[in-house]
């Protein structure tokens, strides 16, 4: 077949280019990089000139080349040089050595070996060729192999065809697999197989990693996110994904010199936040590195040949991860049902300074600032703490932080406490705490004050300009924080700036002091002993007081109730206002209104508080924003007819004020919703998110540009049809590739396809092309699309900032709704049988008739035995509680404390009647455990905690002491217990419940003639031949239990029978011995009195009475 004729369709599929074409630049795998037809023509001309020069050079060297071509397959087209010779341009095929010396990279040895047998197949070497010609042959051969890739790659190369111009992100996905510079020439360190230079993308990753060595980096590479090096190993372990082996270190360590790439692991783009959440939950700090350029805009820019620009865009830890969409939806029912521990999400900053003393006399001044990024709440405090660090522990247990930032060095005692609470998953928080550290300069106080002042300077200007007195006072309060608190605040602002969340500190309205004396103090021991937030078995919420009272329907309501439980009120008026609101909500006359509110709360499926703060941060997604605004609109419209508190239908000021605040946001919400295209927002369509009238000029411009390009593409159909001899062609879309022109291979039109058309794909029947005009227009359209996406994101960010201006009014409405949720929850508890409204008094007393333990009652299948309590600061201030082991002593004293706490929360209490005074604190000393980290024994812990109670307790406190003195010998234990009890009653005068097995202490009642101390015991009945088998009655009665019946507990614990019998025998012997000794002492006392009755004083008589009672 003549070379000038049209090739067959089969020849179109497989054609062999010229050798010189392998030395020219390859077309890139993107639409933007495909050359136009003019450039292609120039390149072909250059190829012909180069071949001609080479042939002339060969003739001069005397070399000849065989004209025989190995062309076994008839569908392979002859090379360009042969076509040129046929046309009469040259008579011989000779190759000239080029004059310009090109610096070529040597090929890998394996590539040379693969093609050794097939090189120069069509021109066998001449015997007399010179060394220079041999070198030239080898150089050309290496060029040929490098460009072609191997002897079999000629198959499938067609005329003017190019691979589909896939988006550059796909290429970026394999950036680390790009061919790297091969090793040096043969014989030079070829043993280091795989050693190579770093790719541009790997250099980017290393540069970012060196700045964030403590961070697990997730790098966007095309359509995947990838982990490299040690981060890949971490991700594989935590996420259970595959880690491809390679280098783990980022410092080019010699031990990994034999490896040619980094270890890697990958995750899909759409699963990014799922895996990030799992990593931060495991305690890791995670950074997301994103591509900052798009394919279309990059191709049009000046850096088209450089790698994609990448930047660390997000940093996450457990406390700063606010992009969790799962936590925004759903009610509290599932959490309450499982009893799982609810993390508060606080990040706490702590610093301390030693003020005086050392050892047991040590005093430290501590400052804390805690922020909850998910809600915007901020807590601060400065306080002095003793060597037991009970104050720090109290705040840590109340706040339950998930992260702790330590500024400067802590003392050993504080360091041990923080490490103990954060270092294991079985602590009171139920999870590990992430601990970070920040340096503290000697001039930290001055620097921190300057930093905080400059941070709030802009806000101060705005406040002064608007003459907002309330905002000004709040801001002034923040600026006047104590020295230690200011250091913490400054450190937290810097720390949160790293995560882009520092704006949370601009919300000065939500700063709260921790140690406000408007709340009852519940320290760490009390929280644990009374199981306020977590049970002591598995540290879950099930079985805790919070679990008992939690009937909330929303997440933000649940968080508010948690604060109420941990901070019972001291203000009698505020307390009565809250309990009156609960009473009204359970009133049958308000059933319809209460059901309306319950129904409204039940329809709220999102965490409004978290969504609002995400809007404030500018991180809210479009569907989430639509849900937020629609939910706020639903809430406001539910009470749209309420103009004032008097219109609500409730008489309680607390309820009516909360309801009246809800419709005030309706106008702003509707104004924002009117700007949104609901359908597009629901589908997260950024291009149509705004209504047409609300679109910015930039968005409109690029939309018009896209429309113009698509119009030109439509017009181009006629032009393409004329070329193919048709009236008009139709575009087809295959595998996501648009605007393809399909031409049947057997039709006459295939012969009319210009060489400038790029073949994209095809089958046996059809070939599909892109014309140069289509390629140009698609490039324009992609640029417009990328610019449109950037414009839409910019307009959305501006819209979020506009909504943020109404943040405080929206937040206040959500807080009002949370208050209603909490009150309805307490009303639900109050509707349970056996609950009563407590009566409050300013006099310190606890008078409860038929009281019950609120948690045990719900967990027990059997009915709970109720008991009375009557403590009064002017009458009986203390009860000495005795009774057998497992007789219910601890449950009884816990019941008293829990009823007092519930009453001051504003809840109904489980009793027939209750009169409660305003207690300022509840202190407990229960259980026996040592503190190995501090080197303290069980008895040392007992006495240290008791000492703290004696220092902090007031006449308005309730103190519970359980078996004080059991950690040492009987004589010392009795002496200490007696001294402490006496001091509590006479000096401190607080309400006291004292549990003991020391029956000798019962004689103390004679020291208090006004009955400040009473003896009570837990009733039981004896049975069996030896009266060792007892039945617990769990009733509290006057008197003393003279035996503890420990052998009965041993029997219940299934100790071996012989062991119990031996213990019983020894117990009887010891009891008889003590009985005889007491009897002998009584006889001696009587003898002394009878011998000299005149000298018998009052103390001798008291000793006689005491000895008689002990018998």
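Each residue, glycine too, has its Cβ placed from N, Cα and C.
The secondary structure of residue 886 (ATP binding site), as reduced to three states from DSSP, is coil rather than helix or strand. Every protein chain shown contributes to the tally, and the Cβ of residue 886 (ATP binding site) ends up with 18 other Cβ atoms within 10 Å. The ATP binding site annotation in Swiss-Prot covers 883, 884, 885, 886, 887, 888, 889, 890.
If you look up Swiss-Prot, you'll see 1-36 (among others) marked as compositional bias 'Polar residues'.
Per Swiss-Prot, compositional bias 'Basic and acidic residues' is recorded for 50-59 (among others).
The compositional bias 'Polar residues' annotation in Swiss-Prot covers 86-96 (among others).
Residues or ranges marked as compositional bias 'Basic and acidic residues' in Swiss-Prot: 97-107 (among others).
Among the features that Swiss-Prot reports, compositional bias 'Polar residues' is placed at 110-125 (among others).
Per Swiss-Prot, the feature compositional bias 'Basic and acidic residues' maps to 128-141 (among others).
Residues or ranges marked as compositional bias 'Acidic residues' in Swiss-Prot: 166-179.
Taken from Swiss-Prot, the feature region 'Disordered' covers 1-141 (among others).
The region 'Disordered' annotation in Swiss-Prot covers 155-197 (among others).
Here Swiss-Prot flags 192-319 as region 'Mispair-binding domain'.
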Protein Cβ atoms within 10 Å of residue 884 (ATP binding site), excluding its own: 22
Number of Cβ atoms other than its own within 10 Å, given for residue 889 (ATP binding site): 25
C-beta crowding around residue 888 (ATP binding site), within 10 angstroms: 23
C-beta crowding around residue 890 (ATP binding site), within 10 angstroms: 17
Counts of helix, strand and coil residues, the region 'Mispair-binding domain' (192-319), according to DSSP: 44 helix, 32 strand, 52 coil
Residue 885 (ATP binding site): tally of other CB atoms within 10 A of its CB: 15
Segment-level pLDDT (mean, integer) for the region 'Mispair-binding domain' (192-319): 85
Cβ atoms near residue 887 (ATP binding site) (within 10 Å, other residues, all chains): 25
